[in-house]
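Note sheet for the following structure.
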């Protein structure tokens with residue numbers, strides 16, 4: 001893994017910082033694990049914009065990643081590491097002993113040729129997936145399920161991890177990267193180690209066009225709009241004249257948006273703000 005700062009041969013290259021990983025496979029992805037990825041431009045079936053700042057971008061295929069890791073007792077070998085345009089983490093193509101291939105999230109330290117396994121009897125080793133009741137307290141994990149069998153939902157981005165703080169009864173207590181401490185059923189699965197490609201946060205796109213390649217359109221400030229377009233628009237000078245709100249009038253700062261009271265009992269400590 002190398003961090004490359006581009007030479008200022010043009011204004012668009014002056015601030016570019018790239019992450020170069022020589023271990024990534026340079027060929028095409030495994031075709032059987034690809035799916036089409038349609039673009040909506042942020043519009044619904046009526047053609048109206050429902051999500052702003054979306055449109056354009058390079059054509060991509062979706063990589064079908066195995067978040068359940070449910071092939072218990074069947075050893076697998078890592079064939080190669082690959083780039084995935086749909087997520088910040090890299091992915092690994094693994095070959096199981098029965099001949100099946102699957103993509104998984106590539107943990108930090110995993111490389112081609114490594115052996116991995118899943119199931120209650122799997123060893124405590126980077127890349128192995130186990131129910132959290134079988135993982136020692138204090139371990140660092142990623143790709144954590146919130147419901148048994150549903151598949152990983154937590155700690156899937158580049159460089160993220162979760163620490164197991166305690167195990168009590170049918171639940172384990174986890175500390176998330178946000179600082180939140182919450183309880184999850186001990187039968188939920190997690191993968192040992194942290195997600196790789198942690199240097200992703202150090203990259204710099206360098207120009208607005210790089211965001212357009214990613215399908216992200218410009219964001220205009222509400223204060224720069226007219227009154228018809230945004231509550232912050234218009235007026236003399238640079239003054240909102242009101243509490244910051246969204247284009248539809250919902251308070252933007254300090255307004256509680258969490259609605260799921262049913263799961264409040266599982267949150268031991270709210271995230272750091």
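Each Cβ is built from the backbone N, Cα and C atoms, and glycine gets one as well.
Ranges compared are 15-34, 35-54, and Swiss-Prot records region 'Disordered' for 35-54. Swiss-Prot lists region 'Disordered' for one of the ranges 170-221, 222-273, namely 222-273. Secondary structure by DSSP for the compositional bias 'Basic residues' (253-273): 6 helix, 3 strand, 12 coil. Taking Cβ pairs closer than 8 Å, the region 'Disordered' (35-54) reaches residues 60-62, 64, 86, 215-219 in its own chain, all 6 or more past its ends. Same-chain residues lying 6 or more positions outside the compositional bias 'Basic residues' (253-273) and placing a CB less than 8 Å from one of its CB atoms are 173, 176, 178-184, 243-244.
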